[in-house]
Amino acid sequence: MTVVSAYIGIYYNVVICIAFYYFFSSMTPVLPWAYCSNPWNTPDCAGVLDASNATNGSRPPALPGNLSHALNHTLQRTSPSEEYWRLYVLKLSDDIGNFGEVRLPLLGCLGVSWVVVFLCLIRGVKSSGKVVYFTATFPYVVLTILFIRGVTLEGAFTGIMYYLTPQWDKILEAKVWGDAASQIFYSLGCAWGGLITMASYSKFHNNCYRDSVIISITNCATSVYAGFVIFSILGFMANHLGVDVSRVADHGPGLAFVAYPEALTLLPVSPLWSLLFFFMLILLGLGTQFCLLETLVTAIVDEVGNEWILQKKTYVTLGVAVAGFLLGIPLTSQAGIYWLLLMDNYAASFSLVVISCIMCVSIIYIYGHHNYFQDIQMMLGFPPPLFFQICWRFVSPAIIFFILIFTVIQYQPITYNHYQYPGWAVAIGFLMALSSVICIPLYALYQLCRTDGDTLLQRLKNATKPSRDWGPALLEHRTGRYARTIPPSPEDGLEVQPLHPDKAQIPTVGSNGSSRLQDSRI
């Protein structure tokens, strides 16, 4: 999970830095991607506003003459927002191996992004917890403003109906289910390590069952709500062009930095709406980045666990931030977007499904569902509901396993627009995906070799049992089957070994969506 969080943290802040760049670029009377009259534009550029200006802003029901010709050209046009993205912001090279120059404006924005993240995490969860109150709530204000503006536009209903109408022929495609799983993994943070990290700061008897239900429902509801905001604007744009919504809809970077910014140019006072939109993207990205960086820092501090590193956690945070900035520099080059998408598609997609599948099997079938349910009851005061027990034991592992199998069967090499990634780049992508997953069997073999036992089978049995001091970190919470029958000896080290000062003030428990127990030092 730490390796996955490291990969995501490197490229995710590059996405934030591009949002910063667009945010600063929106501070002009006219958005720079509104027209085709800029030095970077090509003869193929055909802007929506350019076509409208050709007829003094009028668009009659029938589209005769020059406007009809302009809009017909628009169907195969290169939009000014696309050329701004490709030729000015990225100065995109022709191949993933052709790095070209580092885009200094993006490099500067990357530095700003990492400085903001570091300052917000400089005191760990004490500082980030306060910042998140703003980064997690203010986007709802922006979403509501954009929603009200969007639904009042002509053609918004068409866009919303396109958003709500299922395409039943896509149901049998494994890629659709794989993308859906990736979306949920991303939005909920499953298999990233962030859930375990943040839950380790909770009180031992915290009602994580209630929290998990609220967060899951709120998360999915927010995604649906954001869909209305996006497609109401895209419906307006499609109506303005006289084309189907599917012709203007896009995904990935194309939606956030090409399609939606172009739609914003059609609104009155478009720089204001652009500022609001990219400010919202920045806040959403920072909330995720806080969790990613805190996961890496906590993993390092907890694993080392000595007094020096507990007191110097700020320096660990600074070191991780500097390393993330340096590793992100290649992603600000002219080939940076190719590498960003490669990392997104391989390092943090396929591996998440594998890790979560192994996690379900290891907890439920190796550690044992009875032990797991008893642990949850000890912390919550009541056993997990039957629905969750059935999902954890049967439904979730089966769904994840089938998604994994069908994703492999229907695998297609990555592309970006019309660019086909070379074989060596795809091989690097698979190596990145493997680099996180391989940690699991490697550590299992390491643990198997150092476990006592006369035979391999005996070693395997001993290696899959909890350690002798497994249980709640604090003695006051060791009840039931964890209750000690003999007084603890100083060698056990169970009384005063907090994970680090932030957790020393709170009775600690780890959580993976529901709950996790800790020994004296994890």
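Just so it is clear, glycine is given a Cβ too, placed from its N, Cα and C backbone atoms.
Since this is a predicted model, take the numbers as computed values, not measurements.
Annotation for Leu284 (Na(+) binding site): spatial neighbours Thr135, Pro139, criterion Cβ-Cβ under 8 Å with sequence separation of six or more. Residues annotated as Na(+) binding site in TrEMBL: Ser187, Asn219, Leu284.
Sequence annotations record features per position, and here TrEMBL assigns compositional bias 'Polar residues' to 508-522.
The number of other Cβ atoms within 10 Å of the Cβ belonging to Cys45 (disulfide bond), over all protein chains shown, comes to 20. According to TrEMBL, the feature disulfide bond maps to Cys36-Cys45.
Per TrEMBL, the feature region 'Disordered' maps to 491-522.
Feature annotation from TrEMBL assigns transmembrane segment to 7-24 (among others).
Look at TrEMBL and you will find 104-125 (among others) tagged as transmembrane segment.
The transmembrane segment annotation in TrEMBL covers 137-164 (among others).
Annotation comment: TrEMBL describes 184-201 (among others) as transmembrane segment.
Sequence annotations record features per position, and here TrEMBL assigns transmembrane segment to 213-238 (among others).
As annotated by TrEMBL, transmembrane segment applies to 272-293 (among others).
Marked as transmembrane segment by TrEMBL: 314-340 (among others).
Beyond the transmembrane segment (346-366), the same-chain residues lying 6 or more positions past its ends with a Cβ under 8 Å from any Cβ of the stretch are 1, 4, 7-8, 178, 181-182, 185, 190-192, 372, 392-393, 396-397, 400-401, 403-404, 407, 414, 429-430, 432-437, 440, 464, 512. Residues annotated as transmembrane segment in TrEMBL: 346-366 (among others).
Residues or ranges marked as transmembrane segment in TrEMBL: 386-409 (among others). Nonlocal intrachain contacts for the transmembrane segment (386-409), taken as residues 6+ away from its ends with a CB within less than 8 angstroms of a stretch CB, comprise 174-175, 177-178, 181, 350, 353-354, 356-357, 360-361, 363-364, 369, 372-373, 514.
Among the features that TrEMBL reports, transmembrane segment is placed at 421-446 (among others).
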Separation of alpha carbons, Cys45 (disulfide bond) and Ser187 (Na(+) binding site) (Å):
36
Outside the transmembrane segment (137-164), at least 6 residues beyond either end, the same-chain residues with a Cβ under 8 Å of its Cβ set are 222, 225-240, 244-246, 249, 267, 273, 276-277, 279-280, 283-284
Would the transmembrane segment (314-340) count as touching the transmembrane segment (7-24), i.e. at least 3 C-beta pairs under 8 angstroms with sequence separation of 6+?
yes
Do the transmembrane segment (314-340) and the transmembrane segment (104-125) come together with 3 or more C-beta pairs under 8 Å, pairs six or more apart in sequence?
yes
List, by number or range, the same-chain residues at least 6 past the transmembrane segment (272-293) whose CB is under 8 A from its CB atoms?
5, 8-9, 12-13, 15-16, 19-20, 22-23, 26-27, 31, 113, 116-117, 120-121, 128, 131-132, 134-136, 138-139, 142-143, 145-146, 149, 189, 192, 194, 197-198, 256, 260-261, 264, 317, 320-321, 324
Within 8 Å of the Cβ centroid of Ser187, Asn219, Leu284, the other same-chain residues by Cβ around the recorded Na(+) site are Tyr186, Leu188, Thr222, Ser223, Thr288
Which one of the recorded positions (Cys36, Ser187, Asn219) has its C-beta surrounded by the most other C-beta atoms within 10 angstroms?
Cys36
